[in-house]
Structures are given as structure tokens and as C-alpha cells.
Amino acid sequence: MPAPRFLPSELITSRQFIVLAAFSALKVVGLIMVAYALGLWIATMATAGENDRQLLGLAVIGAVLRALSAWGLNAGARRMGLGAKERLRLNLVRNQATQPTIAPAAKQQSIPVIATLASHGLEKLDDYFTKFIPALIGALAVPVLLGLYILQLDWISALVLLLTIPLIPVFMALIGMHTQDTLNESQATLDQLAHQLYELAQGLPALLGLGRARAHGNAIAAVSNRYRQATMANLKTVFMSSFWLELIATLAVAVLAVMIGVRLVGGNMDLAAGLTILILAPELFSALREVGSAYHAADDGLAAYQKYTAITTGTSGRQLRSTTATNPQNILEISDLQFSYDGLNPIHQTVNLTLAAGEHRVLSTPSGTGKSTLLTLIAEAHSSDNSFDPELASGRIFVANQLATISQHPQFNAATGWLQLDQDAPAASAELRQQLSARLGMEPMLNRPIGEYSPGELRRLEVMRALLRIHSDARCTLLLADEPTAHLDERNAQQVRELLEELPSRCALLIASHDPAISQGHHTRTTPLEVNNGLSAPQAAGELQEPEAVAAGVKEPRSEKFNPLRELLVGYKASPKALLWGSTSVLCAVALAALSGWLIVESSYQPAILHLTVAFVMVRTLGIGRAVFRYLEQLAIHDAVLAYATDLREKMWNAMVSNPARWGLLSRSSVILRYLLAEVDELRDLLARVLFPPLQGIVVWVAAAVTLYFIQPEFGYLAMAAALVLAFPVRWLVQRIEGEHLVHQLRHRMQMNQSALGILRHKLALRSNQRLENVIGQFHEAETLNTQRARRHALGQGSATALATLISVLLAIAITALSHSSASFTALAVLLSLALGESAGNALLALQQGRALKELSAKLAERGMQSQDLPATREHPLDQGSKIVGFELDSLSLGYEQGTTVVAELSAHIPASQWTAITGPSGSGKSTLLTALLGALPAQGGALRGIDADGNLVEMEQADLSSVAWCPQEAHLFDSTIRRNLMLAVAQEQNCTDAELHRVLEQVGLAKWFAQQPAGLESRIGSGGHQLSGGQRCKLAVARAILGGHQIILLDEPTAHLGEDEAGELISTLHQALAGRTVVLITHDQNLAGQCAYRIDLGARKLKTNA
């Protein structure tokens, strides 16, 4: 990746550049006034002359100008950056949200990677605006202007500076070339971490069902550790760059100080000029050093900008959407449609289809023949930017007006059912809503968070949303329904069938369904598809909603024990080292400045050169020490905080998966990147900024005050008075000015993180329901309001640095005015005081961000984070207790929260080596019961016990549940190969041959499909298995569940997306494959339930024995 330009025109204008340059020039004027006044005052003291009091006034004016310029640079850079990254983020989200979701895996942009770029990546541009731009302008203005002034004072000193200054940009360029490679590696591991977190969150139910959640918590730690290592490799290069810049700058100043001292000893230089140059030289090199450090700080932001540019400037694809119909009576026209995922094996070839008003068509071909792909293509062609890959898609699709969809995998982004309907069907009347909710049995649940819904309830909400749009919007004349009765009990399925038959006469209906009752509807006729039989039919992955939609229903006790500051300082050995090295580095910097001042004045008395040799050596030693200890400090700080972030991610994952009430939050919503990536990285950065500078500042200021006291007691009192001013009124003022604003900015960044992922994840549903522009508009409005608020607060951006600088300069002026010590010690005290400004400014900036750290820590505590390790989800070792083969339920009551019961007083027996069906209405607690059988949900009342091989009852806490496997309804397939998805069920210490994998695929009816995969078991199936049809996904998930050799198999609606014949064939095959094992089957299919030896009917709360 080539290095990006420093000043892209999209980010900064020439007018903004000129304004900041003016503040840099003002800074130079202030520096010269302070240096001239103090240098001349001390020089006059050295000659016992009478000082002019106007010099102190000149120094005060210079101090004010310097503080004003520091404020102006920071505030101006902040205001300049406002709106730029927000504009880029909006463009990126809109660009990606309007592109089709249906594409080959190799060409799809990863949703979590794009979302991370939109939030985490573009946020890094803050460092570009607030650090790099001011530093770059300062590096262009300050050395030139100060150099010209120094040339006027002493041409030899100017020559020394001219010879040493070029070393800094040379080293910057050389090291910058090397950092590009390490930066690219760090960016790649960040993308990998985001993608893996997203995949694991979506697949959480599957991981839990196979007993692999803890192992993948370890996998998160492994990827996070690789991210840490790559980041540290990049930071080591960056810190080495800073080390060399610091060393060169410090040694250059030290050489200049020694040279001035030698010339003063020889009587070849004026003391006032020497002191003035010595005060100005560190500022000159500091400007160059800061631009090098700031460039590395802005590296991530510039790389994100370059990535953004590459993504948003992609080429357009083939247009499938047509705006004209061959017959004006047609609602839908499809002509010569061809589509494939690899350009070789067509899923559809020459599809021609028309639908007129009032016409209903059913696509009822077998699973894997492309029914869902066709419906998705229609929706995408109508709602997306139409940029289909020309090698994969061709043909023409016309949709007369708007459409509504019933997706096989519903997607929702609101908090509750009612709010979702308000968003997607705003024109629907209250009477219509009431009628539909009553017929679909939705009334009790629409006020509940969507995250608590069962798959059947999600299906009914999806049906209700589509029907409300059809009935309330006359422009909505086409309904695309994909498996509208899947996951529904017979009563609700019948209601859906009747409602589909009652569509307005102006509407056309295209259904993909295996439900035979739908095909028999009096309006419907069955349409065959031209397909390449057996090839996969991909689906757009995606599940549920924004975080609040689920989190609203998850109440956790607040933990007051989470203290990341204490954890970091006490639990990580690098933290005390960082404090030690940092304090030593600052002490070296302050001592270097002070000793240089003393050396210059002493040299003016022209002593024997040997008397100053020790001071000369000390100056060089302190200069080297400052750079070395600064390098060691940065390594130690980042080693500690990166290690802490790695551990924290694993702890947070374990805390979440150990609570079943949060499973929906992780697997269905858009919070995962916020919780485990953005918030952890934010906490990491805040810890590095907040913990160490104040502690170092206290150490340094105390040492300085003691030193000043020994020089002259009044100096010590002045230093303590300045410290008190900084610690109380100034600290309170800067926190008041910026503290609350920084908290608000933190909240906004986290909200934008989840909103960006939410929009990208649910983009097809938002587009199909004509709500994408509304949601993006809300996204833009939130950004605009935040920008306006930040623009007002930007005026306080540089307050901490400005006030610290002002107080340190005023302290130096006060010391100068009150001094009755020798000129040498006065110079030492003055330069020491000026050097304290940097550490004071860093400490104030850290304290300013303390409120944001407190806010984030409180959020994590509310989610159950504690300082001690949290237990992971229950995954029992092989040698713990007795393996169970059945269950005994005695008046069992289950629920996710106290006071809310999902299953009440259920008594039943699940015998070993038999099939037991669990039936009941949608929402009656069938999946909740399976969660308890898995050992993840404790009983609220009654008892649930396991039965071991000897027939003994075993308490669940003592049972070995490694013999239990669960295939949930949302059986996510991972973005990997067929082999790795199947092997997920197998313990790490075990192995399966290819023949065993082939056999299990044959057992679930995937042999024909598998034979057509060119890479065999190494074929990739895409995120969520999007290159498989819904039925094929179900079969592959079942194959994975039965592969591990578990004695108890819990199957949750394994035939929901299969036709009647395919379902019967799969269950018949499973009866043979699972002979001798205990199988618990959740189903709404009464025929399948009748094939089981026992049935638990949750509607009737009783156990039946089938004949």
C-alpha cells in the first residue's frame, strides 16, 4: 500500500492551512518575546546591572501570545476536522448500503470490516487533524522564523542549527518507509479480528450447542493477541522513530549549549544572546520532533482514508432493473434472467416470468434450486444501485411500483415490535394494526424487545410488517414471500396462508415455499424454475437489530467491582515500569533544560574549561537519557494496555455467553463490534492516556519544587502555589470545559459504530421496505448534531495545553522577578520552570479524559464485568461426573429473568436411546427448554436432572454434559470451508477421516450437492453459509451436530426450510444414523412428531407416548 498524501484536498483547504499558519507565526512571536526578555534579564543580573521592569511585562505579553497560539492551533485544527470524517463516513455507509448483497463470497466486501472502517478507522482521522496538521504547519513555520531570528543574533549558532536540523527529516523519511509495512500488517489483523468477532457472535448458538463457545473465546484471545503483536511491531518502529527524533533533537540542543558555553568561556559571545538562543533552540527542534511523532499518530487515519477512497471509487456493474414494461398490466416482468456465483455453473438460466395484478405464483421446487436467489435478485434489482457483476448476472427485471418482502431470514433494527412497525409501515392505521396483530397472535409480544422473540415470533412479525405495507400503501403492489410459514405452528401457519389469500386485487404475489397447503390455495399456481439442479442458492446473511433492541430486555445487576485503572497498574508488570521510565524521562528533560541554563551563565564568567567538563558530560547524558527512557516508557505502556485489552476481550466474551439472556444480544444484534472491539480499544487508549501522565506529573513537580526550594525558598513556595492552581481551579476549569464534551463524544462514537454495522447488516431489509434513506437520514442527522455541538466545544480544545503553558511561563517570570540568588541559579530555576509546562499540560489532558474513562468503566460494570475472572459458559471436561443419556423434569419452571416464567411446572421424562418430540405453539418455551437441557439455563423452580447410563438421577451441576449436542434453529454456518464447519463438532483431540465426513453428508441428503463442489471439503461456503440454500444450511448444521458422537442430540426445527418429502427423508435417515442415541426433536410438524416414541406437548403441559 503506497503512503497516502499528507494534505488531501478532500480533508483540508488552503484557507484552513493559512489560518493555522498564522497561529504558528503568533506562537513564534510569543516565544521570541519570552526568550528575549528572560535572557536579557538574567544576563543583566550576571553583570550586576539594573534590570528594566518593562522586560517582565514583555515576557508576560509573550506568555499570553504563546498560550493564545497554542489554543488557536488546537481549536482551529479541531474545528477544521469537524465534518470531514462525518462526511466520509456517510458516503461510505451509503455507498455500501446501496450495493447488492447477493454476490460471490470472493467479491463481497466484509460487512464487519466495512463497519469497522466507517467507525473505528475514520475516527483515527482525529489524530490527523488535531496532531499532524498543527505539527506539520508548525514544522514549516517555527524553524524558519526562529532560525531567521537566531541568525540575526549569532550566525555561528544558526549554522550549527542548519547543519543538525536536516537530520530529523532524513530519519523521518527512512523510518516512515519501514513503518508502512508494519502498519499494513496491523490494519490486516484489525480487519481479521473484526470479521472473526462478527462471525463468532452470529454463530454463538451453534457454538454453545456444540460445546465450543469457550474454545472460541480462546480463539478470540488468539486473534486479539495477533492484533496485539502486529500493533506492537508497528508501535516499536514508531517509538524507535520517536527515539531517534528525540535523541537527535536533544543532542543537537546539548551540542548547541556546550558550544555556546565554550564560546562564552572564550569571551566570543554575548550572554544575553546565548541565553535567548538556548531558550529558543528546544522549541525549534520540538516543532520538528512533533511532526514526526504526529505523522505516526495519524498513520492509521491516513491509511483508513486511503482504504475509503479505494472502496468508494469502484466500478459500476451490470444493470438488471428495467423501468419499462412490455405489458402495462404486469406488476412483475423477468426476461432472459441468468445468474451464477462463479460464472461457470448457472443457478438460473433463461428465467422468464410475468405477474399481473391479483396473480399468485408459488415456487415449490426442491431445496437448493435457487428459489430464494430469485426472490433476492428481484428485491435487489428493484432496491439496490443495480451494480451486479456482469460476468455473473444478465437479463431484465421490471417491478411496476414498490414491493414488500417476507424474508426467509427476517431482519429488524428497532427496539420493539411496535417500533419496528412504526418505522416500516408508517401509513398503517391503528385499526389495521390491531386486526393483523390479533389474527397473528402478536398482541402480547409487540411491546417486548425483539431480541426476546423466538424464530416463530420473528416470522410472524415479518409477515405482519409486509402485510401492513401492502394494505396501507397503494403503491406497494408486489409481495415476495420466502418460506412464510416456516417455524410456525399449524394455527399460525394457517392464519398466514389465509392472509396471503386476502391480498388486495391490485397486488401480485410470488412465493417460495415447501408448504403444500400454500400450493393448494385457490389463487395460486405453481411455477417450475429453469435451474442447474443441485447447485447452491445463496442467501444474504443477517439477523436482527440495533443493540438497544435487545439490550432493553436484558437487565443485569450493576457491578461496582470493575476498576480497570487498578487492574492495569497492579496486574501487569509493565505498568510500574512505564511509570518509572516515564517519570525518569521527564526528569531528564527538566534537568537538561535547567542544567543548560546554569551552564550558559556560568560559562559567561569565563572559568577554566575543566571546571565545566562535568556539566558538559551531564548535558549529553541527560539528553540521551531523556530519549532512551521515553522509548522504554512508550514500549512499557503499550505492552501493558494491549495485553490488558486482549485479556479483557476474552473476559467479556465469557461474561456474555455465560448468560443465556444475552445470547440474542450477541447473535442477532449489531453490538458485537461495539462491545468487543470499539469499546475495548477505547478503554485501552483511555487507560494509556489517563493513568500515567498525572502520576508522572506529580513525581516531576514534587522533585522540581524541592529543587527550587533549595535554590531559594520562595521559588519552592511559588512552585507549590502553581501546582495547587493547576490541581484545583485549572483542573476543574478544563474538566468543566471539555470533560462532559469528551464523554458525549465517546457515546457518539460508540453509537456510530453500532449504527454503521446495523445499517450495513440490515441493508436489504431497509431497502426493500423503503426505509434505507430514512435510516441513513437519521444517521446523518445524528452526525450533524454532534458536529454542531463539537464545533461549539472546539473553542475549548486547547485549553489544557494553553493554561499549563501560561502557568509555567508565569512561574518562570515570577521566579525571575523575586530572585536574589546568583544569575546561574536563577537561569537554572527559570529554565526548569519553563520545562515543567509540557508535563503539566499532559497531566491536565489526561485528567480531562478521566470522565470518559469513568463513563466507559461504568458501562462495562453494568454488563457484569468484574475485576476478578468471570466463569465461562458451562463446558464440562470429559472426566467430570457421569455422562448423561436422558433427563427427568420434575415440576420444572424456566425463565431468563426473575418474575418472568417461560415454562411453568413441567413434569416429563426423556428416556435414553429414544426419540422425544417437543411440540407446542410458537413462543411456548420449546427452545427455552432445550437451553435448559443443554445445561445453560438454571431452573427457576422444580428440578431438572440428568439420567446416567446406569439409570441414576444426576444433578445438572454434577453431570457431564459433554455428551449433549444442540442444533439450534439459528444454526449459523461459518465463513470457512465445509471441512472446518463440520469439524467444529469434533473435540480438538479427536479426528475424523474424509470418509466419515462424506458419510455424514450423505446421511443428511447432501451427497449430490457435495459432489458438485469443485474443491470438495475445502470449498468455502461464505459467511452464514450464504452460498447454500436455507434447506442445505439446515442439513449441513444437522450433519455437524451428529458428527461429534454425542449421546444426546437436541434438534430444534431441523426441517423448517425443507419440503415435505425432503423433511420426511431427512428424519428417516436420521432415525437410522442416530440409532441408540437419545434425540429430542422440536417440531411443528405433527407427522414428524408422530414418528417419535414420546412427545412433550408444551401447549397441554403433558407427556404422551406415541403408538
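A Cβ is built for glycine as well, from the same backbone N, Cα and C atoms used for every other residue.
Listed in TrEMBL:
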- 18-300: domain 'ABC transmembrane type-1' (DOMAIN)
- 332-554: domain 'ABC transporter' (DOMAIN)
- 578-818: domain 'ABC transmembrane type-1' (DOMAIN)
- 887-1107: domain 'ABC transporter' (DOMAIN)
- 17-43: transmembrane segment (TRANSMEM)
- 55-77: transmembrane segment (TRANSMEM)
- 132-150: transmembrane segment (TRANSMEM)
- 156-177: transmembrane segment (TRANSMEM)
- 243-265: transmembrane segment (TRANSMEM)
- 578-601: transmembrane segment (TRANSMEM)
- 607-629: transmembrane segment (TRANSMEM)
- 690-711: transmembrane segment (TRANSMEM)
- 717-734: transmembrane segment (TRANSMEM)
- 799-819: transmembrane segment (TRANSMEM)
- 825-847: transmembrane segment (TRANSMEM)
Take the transmembrane segment (243-265) and find every residue of the same chain, 6 or more past its ends, with a Cβ under 8 Å from one of its Cβ atoms.
156-157, 160-161, 164-165, 167-168, 171-172, 175, 271, 274, 277-278, 281-282, 285-286, 288-289, 292-293, 592, 596, 599-600, 602-604, 606-607, 609, 612, 615-616, 619-620, 622-624, 626-628, 630-631
Any chance the transmembrane segment (717-734) and the transmembrane segment (607-629) have 3 or more Cβ pairs under 8 A, given the pairs are 6 or more apart in sequence?
no
Would you say the transmembrane segment (156-177) and the transmembrane segment (578-601) are in contact under the rule of three or more C-beta pairs closer than 8 Å, pairs 6 or more apart in sequence?
no
Criterion met for the transmembrane segment (690-711) and the transmembrane segment (132-150) (at least three Cβ pairs under 8 Å):
no
Please report, as numbers and ranges, the same-chain residues at least 6 past the borders of the transmembrane segment (825-847) whose CB is under 8 Å from any CB of it.
38, 42, 45, 275, 278-279, 586, 589-598, 600-601, 689-694, 696-698, 700-701, 704, 707-708, 711-712, 715, 719, 726, 730-731, 734-735, 800-801, 803-805, 807-809, 811-812, 815-816, 819
For the domain 'ABC transporter' (887-1107), would you mind checking the mean pLDDT of the predicted model?
85
Would you kindly check 17-43, 55-77, 156-177 and say which stretch has the most C-beta pairs under 8 angstroms to the transmembrane segment (132-150)?
17-43
Would you mind listing the long-range same-chain contacts of the transmembrane segment (17-43), meaning Cβ under 8 Å and 6+ residues beyond its ends?
7, 51, 55-56, 58-59, 61-70, 72-73, 76-77, 80, 133-134, 137-138, 140-142, 145-146, 149, 270-276, 278-280, 283, 597, 601, 604, 809, 812-813, 816, 823, 826-827, 830
